[in-house]
Amino acid sequence: MEVSGPEDDPFLSQLHQVQCPVCQQMMPAAHINSHLDRCLLLHPAGHAEPAAGPHRAGERAKGPSPPGAKRRRLSESSALKQPATPTAAESSEGEGEEGDDGGETESRESYDAPPTPSGARLIPDFPVARSSSPARKGLGKRPAAAAAAGSASPRSWDETEAQEEEEAGVDGDGDADVDGEDDPGHWDADAADASFGVSAGRAHPRALPAEEIRQMLEGKPLADKMRPDTLQDYIGQSRAVGQETLLRSLLETNEIPSLILWGPPGCGKTTLAHIIANNSKKHSIRFVTLSATNAKTNDVRDVIKQAQNEKSFFKRKTILFIDEIHRFNKSQQDTFLPHVECGTITLIGATTENPSFQVNTALLSRCRVIVLEKLPVEAMVTILMRAINSLGIHVLDSSRPTDPLSHSSNCSSEPSVFIEDKAVDTLAYLSDGDARTGLNGLQLAVLARLSSRKMFCKKSGQTYSPSRVLITENDVKEGLQRSHILYDRAGEEHYNCISALHKAMRGSDQNASLYWLARMLEGGEDPLYVARRLVRFASEDIGLADPSALAQAVAAYQGCHFIGMPECEVLLAQCVVYFARAPKSIEVYSAYNNVKACLRSHQGPLPPVPLHLRNAPTRLMKDLGYGKGYKYNPMYSEPVDQDYLPEELRGVDFFKQRRC
C-alpha cells in the first residue's frame with residue numbers, strides 16, 4: 001500500500017486550518033495536538049466560550065464536543081483521483097441544502113472544517129493511506145457543473161455507511177438512487193403512476209426496489225412483522241375493545257382482569273395480548289408468555305413460584321398469557337385456580353374453541369370471556385393496505401387497462417413491485433377474516449413473483465426483462481391454492497356445520513343442504529362421519545314416513561367406505577337431496593323419548609317384569625310361575641287380550657302422552 005504525504009494529495013492541499021473543538025479557534029492543523037493539551041488546562045470541557053467562526057450556509061451550528069469526540073479522517077486516493085464522483089455524504093449534504101427545511105440534513109462527519117483559501121495545504125498528524133480497491137471506483141455519477149462548483153471535503157470513518165449505501169444504489173436520504181440518465185432500466189415513479197394506472201383512491205408510498213422488498217419479507221412471517229404495538233393501531237373488534245368500552249378503559253388504565261380471549265384464528269387474540277404486554281412493560285409489570293402446545297405443568301408452576309416472589313418482595317404484578325389454553329387438560333387448568341383467585345397472577349388465555357366446553361368451569365367463572373369476531377372485509381383491506389404501504393408497493397387501478405410487460409429494463413437493475421387493487425380485494429375476501437392468512441398470503445405472492453423474475457433472467461440469458469413486477473389476482477389465488485374455509489374437524493365449527501346440515505334437511509331446503517354438505521367436505525371433513533349422521537337422520541326425522549330412507553343412508557355409508565373421497569361426494573349429495581325432499585315424521589323419535597322420560601322420572605324401584613312375559617327355560621322357573629298364562633299369538637286367529645306392560649303402567653300410551 002502506498003502512503004501519500006500532504007504534498008502529494010490534491011485533496012489535502014485545499015485545506016489549511018482546522019477548528020479547536022474546545023475554544024473554537026482556528027489554527028494550522030499541524031498545531032492542533034499541542035494546542036489541545038494547553039487548551040484543556042485553561043478551559044475545562046463544556047466551559048469554554050466559543051469563538052465566532054464561519055459556518056457553511058445551511059449547516060446547523062454545533063456546540064463544543066470533548067476531545068475524545070474528535071475523529072480521524074481518511075482520504076481515499078481512488079475517490080480523489082475522480083473529482084467528478086461525489087461521496088455519499090456530499091450527495092446527502094447537497095440534497096439537505098436544497099430541501100424545503102433549509103438544510104436540516106446533517107453531515108455524516110463528526111464536525112466539518114470551515115472553508116479555507118484556495119491552494120492552502122493541510123498537514124495531518126498521521127499518514128493517509130491510498131486505497132486501490134476496485135470496489136471503490138465509479139460508485140456514482142455527478143454532473144459536471146456540480147463537480148466544478150463543489151470542492152472535496154474530508155472523509156470520516158462515519159462515511160463508511162454512506163459509501164455502502166452508495167454501492168447499494170441508495171442515495172444520501174435513504175431512498176433508491178433514481179438518477180437514471182445512464183441506466184437503461186431507469187424509470188420515473190411519478191411517470192409510472194400516471195401511465196401505469198396507480199390507484200388514486202388508495203394512498204401509496206414511494207416505490208421501493210424489488211431487492212429491498214425481498215429483504216424486508218425474509219425472516220419472520222409478515223403477519224408477525226406487522227403486529228401493532230398500541231390499541232390505536234389495533235384494527236377491528238370495535239365491539240370488544242372499541243372506544244368507550246369497558247375492556248378498553250381497563251387496558252388504558254392498566255387495570256387488567258383475568259381474561260379468556262375466544263375467537264377464530266387470525267382475529268387478533270395474540271395481537272391484543274402483545275399490546276397488553278407492551279403496555280405492561282411501561283408500568284413495570286411482568287408479562288410471561290407460554291404456549292399450551294409445548295408447555296408442561298412444571299413450567300406453569302415455575303412461573304407461578306416466581307410470580308409469588310415478585311409479589312412478596314417487590315410488590316410487582318405478573319400477567320401470564322397462555323396461548324391455545326384449550327390444549328391444557330382439566331387437571332392442568334386446575335393449577336391456575338388458587339393463584340388466579342388470590343391475585344398472584346393475572347391470567348389471559350387465548351383459544352379458538354368454545355370455552356364452555358374446553359375450559360374448566362371453575363376457572364371460567366374467575367375470568368372474563370371476551371368474544372372476538374371474525375374480521376370484516378373492510379378491516380382486512382385496511383390491514384393489507386397498511387402492509388402494502390410499509391413494503392413500498394404501489395396499488396394499481398385495475399379499471400385502467402395497462403400492460404406491465406410493455407416496459408423492459410436491464411436484468412441487473414431492480415424493478416419496482418405493483419399489485420392490482422382487485423388482487424387486494426380478492427385476498428381480503430379469500431382470507432375469510434383471518435388477518436394472518438391474508439398477510440402471509442400477500443408475502444407468499446410477492447416472494448413468488450420476485451423469484452420468478454429472477455429465474456427468468458437467470459435461465460433465459462436475456463439482457464432485458466419487465467421493469468415492473470405486477471402481482472395479479474391469479475397470483476393471490478394461486479398462493480392460497482383455494483378459498484380459505486374456516487373449518488376445524490375437532491372444533492366448534494365442526495359441530496356448527498353438521499347442525500346446519502341437519503336442520504336444512506329437516507326444513508326440506510335442498511339448496512342449503514347441499515351447501516352445508518359441500519362446506520364440510522371442502523373443509524376436510526371425514527365423509528364417513530357425514531354418512532353416519534345421515535343414517536341417524538333417516539330414522540330420527542324421516543322415520544316411518546319413508547322407511548326406504550334408512551336403506552338409502554346405509555347404502556351411502558357403504559359406498560363412502562368403498563370408494564372414499566373425492567368420488568363419494570356425489571353419493572352423499574344424492575342422499576342429502578333425497579332426505580331433503582322426503583316426507584318427515586318424528587313419531588318414532590318422539591315416542592322413544594317419552595319412554596326415556598318415563599324411566600328417568602320414575603321414583604322408587606322399577607316395576608318387575610310380569611310373570612307371564614318371563615321365559616322359563618328350566619323346570620324350577622316353571623314351578624315358580626315363569627311364563628304361566630302366556631298366550632302365543634300365532635296360535636290365535638283373533639287378537640289376543642293380553643297385557644304387555646307392568647301393572648303400574650297399564651293404559652299408558654307413549655305415542656300420545658309424554659309422561660307415564
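Using N, Cα and C of the backbone, Cβ positions are placed for all residues, glycine too.
Going by Swiss-Prot, these are the annotated features:
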COMPBIAS  135-155  compositional bias 'Low complexity'
CROSSLNK  LYS81  ubiquitin cross-link
CROSSLNK  LYS141  ubiquitin cross-link
CROSSLNK  LYS220  ubiquitin cross-link
CROSSLNK  LYS296  ubiquitin cross-link
CROSSLNK  LYS305  ubiquitin cross-link
CROSSLNK  LYS311  ubiquitin cross-link
CROSSLNK  LYS330  ubiquitin cross-link
CROSSLNK  LYS477  ubiquitin cross-link
CROSSLNK  LYS477  SUMO2 cross-link
CROSSLNK  LYS622  ubiquitin cross-link
CROSSLNK  LYS628  ubiquitin cross-link
CROSSLNK  LYS631  ubiquitin cross-link
MOD_RES   THR85  phosphothreonine
MOD_RES   THR116  phosphothreonine
REGION    50-191  region 'Disordered'
Recorded sites near LYS622 (ubiquitin cross-link) (Cα-Cα within 10 Å), from LYS220, LYS311, LYS330, LYS628, LYS631: LYS628
In the chain carrying LYS628 (ubiquitin cross-link), residues 6 or more apart in sequence that have Cβ under 8 angstroms from it: LEU611, HIS612, LYS622
Spatial separation of LYS311 (ubiquitin cross-link) from LYS305 (ubiquitin cross-link) - C-alpha basis, Å: 10
Listed recorded sites (LYS220, LYS296, LYS330, LYS477), ranked by Cβ neighbours within 10 Å, top entry: LYS477
Shortest C-alpha distance to LYS311 (ubiquitin cross-link) - which of the recorded sites LYS220, LYS296, LYS631: LYS296
Please report the Cα separation of LYS631 (ubiquitin cross-link) and LYS296 (ubiquitin cross-link) in Å, rounded to an integer. 67
Give the distance between the Cα atoms of LYS296 (ubiquitin cross-link) and LYS477 (ubiquitin cross-link), rounded to the nearest whole Å. 39
How big is the Cα-to-Cα gap, in Å, between LYS220 (ubiquitin cross-link) and LYS477 (ubiquitin cross-link)? 22
Spatial separation of LYS330 (ubiquitin cross-link) from LYS477 (ubiquitin cross-link) - C-alpha basis, Å: 41
